[in-house]
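Student: Before anything else, here's the structure in question.
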Amino acid sequence: MSGYRMKRAARLALAPSVALLIVGMIVPLATTLWLSFRYYNLMNPALGGFAGLSNYEFFLTDPAFAQAIVNTILLVGGVLAITVAGGILLGLLFDQPMWGRGMARLLVIAPFFVMPTVSALVWKNMLMHPGYGIFAWVAMKLGLSPVEWLSNHPLLSIILIVAWQWLPFATLIFLTALQSLDHEQQEAARMDGAGPLDRLVYIILPHLGRAITVVILMETIFILAIFAEIFVTTSGGPGYASTNLPYLIYVQALMQFDVGAASAGAIIAVVLANIVAIFAIRLAGRNLTA
Amino acid sequence: MRSLRPTLFKAAMTFLGWAVALLLFFPILWTVLTSFKSEVEAIAFPPAFWPSGWTLENYFEVQERSEYFGHFLNSVALSLGSTVIGMLIAIPAAWSMAFQPAASTRHVLMWMLSTKMMPAVGALVPVFLIFKSAGLLDTLPGITLIVLVGNLPIMVWMLYTYFKEIPADILEACRMDGATVWKELVHVLLPMSLPGVASTMLLNIILAWNEAFWTLSLTAVKAAPLSAFIASYSSPQGLFWAKLSAASTLAIVPILIIGWISQKQLVRGLTFGAVK
């Protein structure tokens with residue numbers, strides 16, 4: 001086969017993927033952008049036409065928006081703090097010799113495979129229920145009064161649920177990174193009198209630097225988009241206390257039928273995600289040449 | 001004495017490791033145990049750890065009340081359908097970029113990655129409107145298509161990194177022998193990268209099975225897979241924890257097993273090859 005025909009075959013092989021992503025992702029995104037400048041309400045079809053920036057103004061000045069932004073950031077920050085710190089500790093722990101280590105690791109990573117709606121409902125009912133939940137029972141055993149998790153601390157509750165789901169991901173990545181650590185170097189440091197803390201600070205943590213970056217970037221992208229956990233537990237409430245940006249946009253579009261405002265919100269969400277994505281893509285790109 | 005210290009250390013680590021592992025696994029264990037209890041026992045306080053009379057009643061009742069098995073089949077169809085069709089589209093693309101790279105290949109890969117980074121909510125409104133007018137709302141083909149598009153970048157990327165590990169000379173050699181592109185792909189490339197192809201498929205089955213944004217917003221009664229169906233348990237009537245647990249156990253066990261099998265490749269897939 002000639003080089004030219006080979007090249008043509010290669011282009012042809014790539015075309016369906018590119019076409020599908022353009023139709024499925026780029027066209028909707030462009031449409032969202034267009035809709036964000038239009039008056040468009042499914043409940044009020046008479047209203048139409050160019051809206052200028054008024055949808056953005058409506059969305060940005062809505063008090064719910066400010067709260068949704070704060071909640072989105074708290075959700076990402078809270079989950080990252082728990083999973084990065086916890087993931088490093090668990091990674092170090094399960095890198096130590098122990099009996100049944102493989103089995104214990106399987107138990108640790110299991111929460112990651114539980115679908116979001118199931119984990120949220122199980123936590124909401126069987127763990128966090130102030131009357132019959134396990135947490136209430138533990139609180140009682142400790143002589144404390146049970147906490148009304150979802151009504152009094154809705155955002156914290158969701159942070160805990162999401163952190164439980166993502167801790168295995170962080171642990172798995174840190175474990176993988178730790179296994180590539182040079183054990184001879186560690187041994188040499190030990191011989192030179194470096195204590196466990198020295199080895200952690202000067203050898204292990206620097207080695208994990210790249211893995212930490214990866215965990216932060218990937219988790220941020222997924223946690224910026226958290227939706228199902230809120231949908232089945234608090235429905236964003238009480239008030240807007242646990243509404244994040246995706247949930248606010250969903251409510252705007254599919255429950256209040258304001259397509260224009262929802263689209264403006266979606267564009268804002270995309271811009272926010274892109275700020276993170278730029279760094280993530282650069283990081284992945286560095287591996288391409290390797 | 002000298003040989004005792006490592007053993008003591010190992011014993012301490014074993015104790016600590018298993019304590020942490022059981023604590024993190026507890027919500028899942030609790031769900032499975034509760035699924036075998038009666039509804040009264042499920043909300044007993046203080047909680048009853050072991051079911052007193054192991055019963056399968058909840059499983060039967062979940063099926064009777066809500067056609068559970070139908071939703072289960074929807075999940076199977078969605079995850080297998082989007083994965084198989086996705087692979088048919090992704091394999092040629094990954095082959096093309098791994099073995100016939102052009103000047104634009106790097107940019108195409110980056111662009112594909114960037115579509116995955118875009119929050120799904122950015123496409124929600126148009127996709128919902130298009131689905132509504134095309135009659136694709138609450139249909140299996142509709143939800144399969146959108147989940148497939150969402151996961152395609154991961155499939156192409158993962159396959160690309162696996163294909164890159166295969167020496168191009170081998171494909172070159174069999175082309176010299178007169179093999180067509182098709183034969184080269186089916187008889188040489190795929191068998192050589194079988195572990196990679198298999199783990200890409202497993203990861204995508206997991207992602208599609210657990211997908212909850214699109215399934216919650218685009219499916220309702222007919223095409224709802226388990227991830228969306230389970231959400232109907234968020235507005236309970238009466239005693240329901242045991243039934244919720246039975247429905248949840250059946251929804252998570254198959255994918256948990258697949259997840260355990262593919263845990264190593266998972267890291268690679270979810271980090272786009274940045275951590276191996």
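Placed from the backbone N, Cα and C atoms, the Cβ positions cover glycine too.
Just lifted these from TrEMBL, have a look:
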TRANSMEM  A:12-37  transmembrane segment
TRANSMEM  A:68-94  transmembrane segment
DOMAIN    A:69-280  domain 'ABC transmembrane type-1'
TRANSMEM  A:106-123  transmembrane segment
TRANSMEM  A:155-178  transmembrane segment
TRANSMEM  A:199-228  transmembrane segment
TRANSMEM  A:248-281  transmembrane segment
Student: Under 8 angstroms for C-beta pairs, at least 3 of them, ignoring pairs fewer than 6 apart in sequence. Is the transmembrane segment (A:155-178) in contact with the transmembrane segment (A:68-94) by that rule?
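Tutor: With 3 or more qualifying Cβ pairs, these stretches touch.
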Student: For the transmembrane segment (A:199-228), name the stretch out of A:68-94, A:106-123, A:248-281 with the most CB-CB pairs under 8 Å.
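Tutor: Selected stretch: A:68-94, with the most Cβ pairs under 8 Å.
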Student: For the transmembrane segment (A:248-281), which stretch among A:12-37, A:68-94, A:106-123 has the most Cβ pairs under 8 A?
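Tutor: Of the candidates A:12-37, A:68-94, A:106-123, A:12-37 scores highest.
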Student: What residues elsewhere in the chain lie close to the transmembrane segment (A:106-123), defined as a C-beta under 8 angstroms and at least 6 residues from its ends?
Tutor: 90, 94, 157, 160-161, 164-169, 171-172, 228-229, 231-233
